[in-house]
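According to TrEMBL, the features are:
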- 35-115: domain 'Gelsolin-like' (DOMAIN)
- 155-229: domain 'Gelsolin-like' (DOMAIN)
- 276-348: domain 'Gelsolin-like' (DOMAIN)
- 416-491: domain 'Gelsolin-like' (DOMAIN)
- 534-597: domain 'Gelsolin-like' (DOMAIN)
- 636-711: domain 'Gelsolin-like' (DOMAIN)
């Protein structure tokens, strides 16, 4: 095995798929088929056969640099040969890309935060594999008969199980896929947030595997339709839900990391302890050596490759980590990250006191600095483990660069009405829109649904989308998009223009309410080159030092307010908006506002500002967690992707970490255990920070509906009126249309 591995590494090959790897930003996935790399269709990303192995490459482009995350994923039933082939292809692809990728080994059910974060709709494990003839193809198979068990509220996993009542329980949701009809079965003890996640998985099967041509039906336990009974038989007494798949943690593992220098140049691994207590000193990492940061007690191992280290040691780093795990007696599912020098991830750097990035244009850590992105991982509560979940850019699949043909229609009672091309990229929160994108490989229909649109408009948008697809021959990819959750590819259709969302209202001819005399717009850069503009409440409390704003006053003039931490791109976005609104604007810097500015906003008020926000870059990312005891145990899990107000679950308590303070947000339906445990959790979270955070960091408790601007300022386009209706039920209804 060792000789074969060494031979393969020595004979670096230029596989035909390597030439396509990392050329464009986004995600590429290959399955190992007969020891070859075979691409997985874009529509079926997030589906993994348990009998197979995969290689996954995530590319981020920033200015003229590329940054890579390179994973190999092993299903629990994949063969030893496929496992070895995936590892070898990963090492070879790493070498092809100049040694720049961060490498990860992913095992089914124990994937890294970085990996699960790519699949916002959840991960689906399918039975079988390539050896048994299962293929990744969009078949529109209307004869399918499958059952998926939905686990997790934020890291969602859909696991294919035996199509039998014996697979069901009362505490979870299940998807019964019968081809033309997809049933979402809800156990009597499941809650509304779990229903939302199940609805997202069911909608994903409909949209990706049936191209939108299947009916979604929600079934409550005890109200199963005849077709359900014909397939499954009469329903027996079902057990309660269990949480055996939840990841467990030992609270005694806080801050128990060690740093080793490692060498196997002699053919035998030699490990030398450098430091047995974190936080570590960055100066311990020498460019001529390789190091292992051992957090194995919490199932995490890092290998750091010095740029001048022995080339063979650099290439066999993953194998070295696997050997170390065996030597230390750690569980086989321990996660592994292999990092090149200057390519350190935030999850690695947090173990060091006051980590300093080198002042150079390349370096993976740089990619995370300016992006308010959070990633996910579900774990039983152990405050020390929360710090491990890394923050990185969550890019959606980009089928191309958005230069194809775009047509936009507004949804009205009498059908689709074309939108003036001069206003493309300007949406109203009270409208729904259908965006038809045509490119070389086909067509995509985006259905954008405003946060203030009615159920009738949502229903009409779903119907008109299906109608448009039918008129195009039934082969278009359908993507439903909620306001504030726009994927990068949709935003790329507006060329270099930021997306503008006007608060409520409509663009229908004669349908608009009179425009308010004073309007305030928040401009925030999200992903690397993507800027969103959202209309917010016209009051001083909506301001944030880290953003730019445009204030339109009754005289028809405007103020372009630049927060001390606003970026150049955000300032440009506000200037673009002033041109769209035909406003003469006066630029003003934070702290130099004239009295008229405050008068227009109804007077001075506290708003979101701090020394940290006034900095041009946020070196510590804001992170959002949900605290819940829905399973009977107190669990904390981090919110996926770019967090928005929509991610605040009303039946949970949420923890928002903005570094210099930690907020506890209490939802109106949270239970007493969640309320009391969450405060203890916040203190434990601060105490166990692996980088040695100030234990005096303040904890702030806020209640739903009474959020101060110091809290709301972290959410783009906060809408205080959202809590006046059941927003979650409306979202579930939208997915099922």
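Even glycines carry a Cβ here, placed using N, Cα and C.
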Legend entry - Number of helical, extended and coil residues in the domain 'Gelsolin-like' (155-229), per DSSP: 25 helix, 22 strand, 28 coil
Inset, instruction - Could you give me the DSSP helix, strand and coil counts for the domain 'Gelsolin-like' (416-491)? - result: 24 helix, 28 strand, 24 coil
Legend entry - Confidence summary (mean pLDDT) of the domain 'Gelsolin-like' (534-597): 91
